[in-house]
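Marked as compositional bias 'Acidic residues' by TrEMBL: 469-479. Per TrEMBL, the feature domain 'Major facilitator superfamily (MFS) profile' maps to 23-448. Residues or ranges marked as region 'Disordered' in TrEMBL: 452-543. Per TrEMBL, transmembrane segment is recorded for 21-40, 63-84, 91-110, 116-137, 181-202, 266-291, 303-325, 332-353, 359-378, 390-412, 424-448.
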Amino acid sequence: MGRPDPEEGQLPAPVKPPDGGWGWIVLFGCFVITGFSYAFPKAVSVYFKELMKDFHVGYSDTAWISSIMLAMLYGTGPVCSIMVNQFGCRPVMLIGGLLASAGMILASFTTNIIELYLTAGVLTGLGMALNFQPSLIMLGTYFDKRRPLANGLAAAGSPVFLSSLSPLGQVLLEKFGWRGGFLIMGGLLLNCCTCGAVMRPLDMGMKRKMGKAQDKYEAKEMLPIGGKSEEGISTTDGTKKAKKAKKKPKKGKKLLDFSIFSNRGFIIYTISKFILVLGLFVPPILLVNYAKDTGVPDTEAAFLLSIIGFIDIFARPACGMVAGLKWVRPHVAYLFSFSMLFNGLTDICSARASNYTGLVIFCVFFGISYGMVGALQFEVLMAIVGSQKFSSAIGLVLLIEAFAVLIGPPSAGRLVDALKNYEVIFYLAGSEVVLSALFLAVASYCCLNRGKKKEPPPENNPSAGGGSDTEEAESDVQEAEEHSSDNHQPAHSTDNAVVAANEEANHVAEEQSGEGGGCPAGDREVLARDGCNADQMVERDSF
C-alpha cells in the first residue's frame, strides 16, 4: 500500500557501504584476483623456451599466448558487464574461476601451438576476465570512504603476484616440465573460485529483513475485522494483482547501460585512458632489451624489472592512502593527471640513460609513477560514474583499452626494428602519456568545473523528486485499473483494488499531516535518513 516491495528491489534506503567488516575479506579476494589477472600473462613467459623446442616455433609465435590472454582480459569487458548485470558478481566469478583453471589444465595436454592459443590463451583469458571485472565492482560496493585505500591495496596484487609467480613457474619448469607446470598452475587458478565465493551481495541481508516486514504487514491486512472479512480478502487479492502488474514492466533490465556516454566526465576519462595505454606499457616491455644494447649484463638487466615491481608494491597502497584524504579526494582526477604527467616525464628524461646507474634511477621513479597510475585508474572511474553504473562503465573502458593495447606495444616494436634506436621510442611513449595527462586535467577543468558553475541551483520541490507515498498510491489505482481491463478480470475484484488503493492514499495523506508516530512524515528518503525502518512503519500502521 504505497510502500516499497522488497522483491522489486525498492528498498526504503540505499544500502550503505560498510567500509570494513566483511569488506576486508572482499578486498583480499580482489587482491588475489588482480594479481592473477595482471601477473599471470607475464608469468607464463618463463615456459616459452621449452614450448619453442617442443612445438618447433619461434618466439613471436609463443608470445601470442600472453597477447591473447591480455586481449581477452580487455576485449571481453562488455560481455562481462552483461553477465554481471544479468546474473550478479558471485556466479560470474565462480564460472570464470572454473574456466581459467580448465584452460591451463587442458593446455597441459595440447600437441600444437594452435591448441595452446585456444586453451591457455582464449579459455584462461576469458576466465580471468570474468573474475577481474566483478571483483572491482564488489570492491566499490563494499567501500566508500575508504575506497581509494581499498583500490590501492587491491592493485598491489599485481606486483606481488608478478614477483612470486615468475620464480614459482621457473621452479615448476625445472622439476615437472612445462606440462606439469601448466597443470599445477591450473590448480592454483581454482583459488579464483574461492575468491568468488566470498563476494557476498551487500543488500542480501537488507532484502531478507524487508521481506519479513512485508510479510508481517500483509498478514495484518488479511485478518478479518467484523463483517468485512470477505471484503478484506478480496482487497488483498486485488492489491497483489496490482503488484504483479507493477512487476511485469520491470523485467526489461538493461544488460549494458550506454547512457554513461552522456556523462562528459566519462568521455574525457575514456579518451585520456586510450592515449595513456598507447605509451604506458612500452618502456617496461623494451627496458630489458634496451639495457642489454647499452652493455648491461643479462642478469643485471633482468633485475631492473624486479626493481620496478618492488617499488610498485609500496607505491600503490601509499597513493591510495593519499587519495583518501579529505582535501585530496574531491580532486582525485587531478591527482591521477599528475601521476600520468610524472610517468611521462620519467620516460622522456630517462631516454638518454646510457649506464646502469641511470637505468636504476629510471626504474625507481617509473615504479613510483606506475604504481600511482595503477592505484588511481579505477578509483577515478568509480568517482565519475558511481557504483550503480560502474559495471557497464568498466566493461566499455576495457574494450576501448584493448584497441590501444593492440596498437601501442606492437607499433613500438616495429619502430625499434626499423630505426634501431630506443631513444626515439622512449620520447614517443613519454609524449603520449604526457598528452593524456594534460588532456584529462584541462578537459576536466574546462568542461566539468565551468559547467557546474553555469548550472542553476536545483529547486527544493519535494513532489518533483522520487515521488511521495500518496503519489505512489494513486499510481497503484491506475495500474490496477489497466491490469484488470487487459486481462478481463471480474469487476468486483477491480473495484476492491481501486477502493483499497484510494483508502491507502487517504491513509498516507493523514500520516503526512503529522498525526502518525514513530517516524516523521515525508518521503522515503527522509524516513531513511532519520533512521526509520520497515518494522517501525508496520507498527505505526497498527495504531
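Using the three backbone atoms N, Cα and C, a Cβ is placed for every residue, glycine included.
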**Same-chain residues at least 6 beyond the ends of the transmembrane segment (91-110) whose Cβ lies under 8 Å from its Cβ atoms** = 33, 36, 80, 83-84, 116, 119-120, 122-131, 134-135, 179-180, 182-183, 185-187, 189-197, 199
**Asked** Which of 116-137, 332-353, 424-448 shares the most C-beta pairs under 8 angstroms with the transmembrane segment (266-291)?
**Response** 424-448
**Prompt:** Which residues, given as numbers and ranges, are at least 6 beyond the ends of the transmembrane segment (116-137) yet have a Cβ under 8 Å from it?
**Reply:** 29-30, 33-34, 36-37, 40-41, 44, 51, 55, 64-65, 67-74, 76-77, 79-81, 83-84, 89-90, 92-93, 95-104, 106-107, 110, 154, 182, 189, 192, 195-196, 199, 378, 387, 390-391, 394-395, 398
**Request:** For the transmembrane segment (21-40), could you work out the same-chain residues 6 or more beyond its ends whose Cβ comes under 8 Å from its Cβ atoms?
**Result:** 69, 73, 93, 100, 124, 128-129, 131-132, 135-136, 138-139, 142-143, 150, 153-162, 165-166, 185, 189, 191-192, 194-196, 198-200
**Message:** Below 8 angstroms Cβ to Cβ, which residues of this chain, lying six or more residues outside the transmembrane segment (332-353), approach it?
**Reply:** 148, 265, 269, 272, 276, 279-280, 283, 294, 319, 322-323, 359, 361-362, 365-366, 368-370, 372-373, 376-377, 379-380, 383-384, 422-423, 426-427, 429-438, 440-441, 444
